[in-house]
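S.K.: The structure that follows is given in the form of structure tokens.
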Amino acid sequence: MARQTPISNYRNIGISAHIDAGKTTTTERILFYTGVSHKIGEVHDGAATMDWMEQEQERGITITSAATTCFWSGMGNQFAQHRINVIDTPGHVDFTIEVERSMRVLDGACMVYCAVGGVQPQSETVWRQANKYKVPRLAFVNKMDRTGANFFRAVEQVKTRLGGNPVPIVVPIGAEDTFAGVVDLIEMKAIIWDEASQGMKFEYADIPADLVDTSNEWRTKMVEAAAEASEELMDKYLEEGDLSKEEIIAGLRARTLASEIQVMLCGSAFKNKGVQRMLDAVIEFLPSPTEVKAIEGILDDKDETKASREASDEAPFSALAFKIMNDKFVGNLTFVRVYSGVLKQGDPVYNPVKSKRERIGRIVQMHANERQDLDEIRAGDIAACVGLKDVTTGDTLCDEKNIITLERMEFPEPVISLAVEPKTKADQEKMSIALGRLAKEDPSFRVRTDEESGQTIIAGMGELHLDIIVDRMKREFGVEANIGKPMVAYRETIKKSVEQEGKFVRQTGGKGKFGHVYVRLEPMDVEEAGKEYQFAEEVVGGTVPKEFFGAVDKGIQERMKNGVLAGYPVVGIKATLFDGSYHDVDSDELSFKMAGSYAFRDGFMKADPVLLEPIMKVEVETPEDYMGDIMGDLNRRRGMVQGMDDLPGGTKAIKAEVPLAEMFGYATQMRSMSQGRATYSMEFAKYAETPRNVAEGIIAKFQSGGKKGDDE
């Protein structure tokens, strides 16, 4: 089967935004105008097509990035048909991981901002992730029909808050309830959308007299931005004072692809105005798969040679599994982005991360949660495969004759955990299946069994994250569970270097045990130490035989899992084995593993050990009247206020760093202090030393409950 759409006419885009910027409504309109969805789904009714998990519809927030395909030939059918693959991404900070993983497979992004709220906290997080993956982007300022809407303020905030370089290509006609359409600065005409056809039809009109000066001013800025793309354009602009429509588009496109500028548009998705022009901008300014840097990976050879795969059907097949979902009808759905080559139904694929060969069952393309079967997918496509058993998020799939491992995704360590217990014996088995599946779908969610209590502990990125996991266990798998109180993921580390002997000797008649080591423990930078540990050896003259180095390393690492102070994992330590002794008969791996473990345990307590706690970046938006109460409350929670911003309408944004341990139940407290008018967002910032008075309480509690961290 030949390719239906040339790869140069593909656009793989993500739509990302802060919670209430109207992202799902914007995506809905995209599906409506591109002819996929005939009844517009409104989030207010809990009926949006993209929000396809029940909880998302109830909570009105988007949790999972559903991938959808649609086609667009321009508002006035001025382009050849383009295929746009849209990945809807969540706007809540607990789901930053979802944004991260969709950024990884996108070629371009459309940032949606609220014309009233402007650039909000989550927008900054998403912007940073887009920078990290060098994703070209444009911005759409939505909700121009709302009271307090101001397009130019949002443009200014992209500059000041995000460090972006925004270039508006439209200016709004009116605002709030007088918002009527936009002036297209490239065409220098007003675009008026027809309300009777829900914006499917439009007409060009003359620019309203009161907007002529504003339009000229912003057009000049836009043309200057385009001229900076090349010397030829700049020379022509300096000579003639203007550029042609084609030159403006080419200049802006080149600079957008180089991530030097961000084209900005505006509209009201709810009122069916502006999304159509934004779709045209996606085609005009965002890259096709062939215009982004070829994906890089590592070949399957001794030297782990770096290699890349061009976006071409002729290249060997390579794809990245970026999301796994459990579907009650077909089982596991693995969403893949194909970077090169062709994959047909029934083909074998190789997973170099797991060293496993699998066969593709069905290939389906998703439109929100409806699916269409495909015979094959090609370079640039995003689709879901059915029947893959051992694939997890971030794995590579490739042709087994041309093995390549694409760059892996990095997932953050969870910062909050809680115990879950099934209510009945019947729930026990269902719960372990449910948690296994959910952990496979979401790499930032972890499940483990506490060795002492035997309890099942689930860990994630925030309270909402774990709430939703528990909710999904109940809805999708019918598991009733009792939930414990949330627990903070503390860590332990040291502040000074020590040298420590560790000895393990057992004589019981016959063959004994003998392991003897000297280990140096040194602190590493705690700021960086999410999970850091280094092992080195400086043994001279064979005092410890080489074959036991690994055992010493293993003994130390196992001991680090349950720290010495309060049983929490140890981070930020460099351990160096530098001396010891051995016995020809009695020494073995186990003896040296135990000797390493003892040296670590005893040395740790002499090295000025401290407890680390997760510190969260908290941003509260509140009417000025409640600011004093909110600031006082943050201080009581050991918060450090970092700064304040004035927002429109007398609202203040307070930025602070607060220990996670003090943030439980914050939402309820904040609502009651502000009569429900304040909102907040929270994301992990760093680990920092826990104040002594707080740490003493945690350590005392641990010690009175029996020494979890001791192995003698």
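For all residues, glycine too, the Cβ spot is worked out from N, Cα and C.
OK, Swiss-Prot features for this one:
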BINDING   17-24, 88-92, 142-145  GTP binding site
DOMAIN    8-290  domain 'tr-type G'
S.K.: Just to verify: the residue among Ala17, Met144 with the fewest other Cβ atoms within 10 Å, which of the binding-site residues is it?
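M.R.: Comparing Cβ neighbour counts within 10 Å for the binding-site residues Ala17, Met144 gives Ala17.
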S.K.: Quick one: average pLDDT across the domain 'tr-type G' (8-290), no decimals.
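M.R.: Looking only at the domain 'tr-type G' (8-290), pLDDT averages out to 84.
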S.K.: What does DSSP call Ala17 (GTP binding site) in the simple three-state scheme?
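M.R.: For Ala17 (GTP binding site) - judged by DSSP and reduced to three states - the answer is strand.
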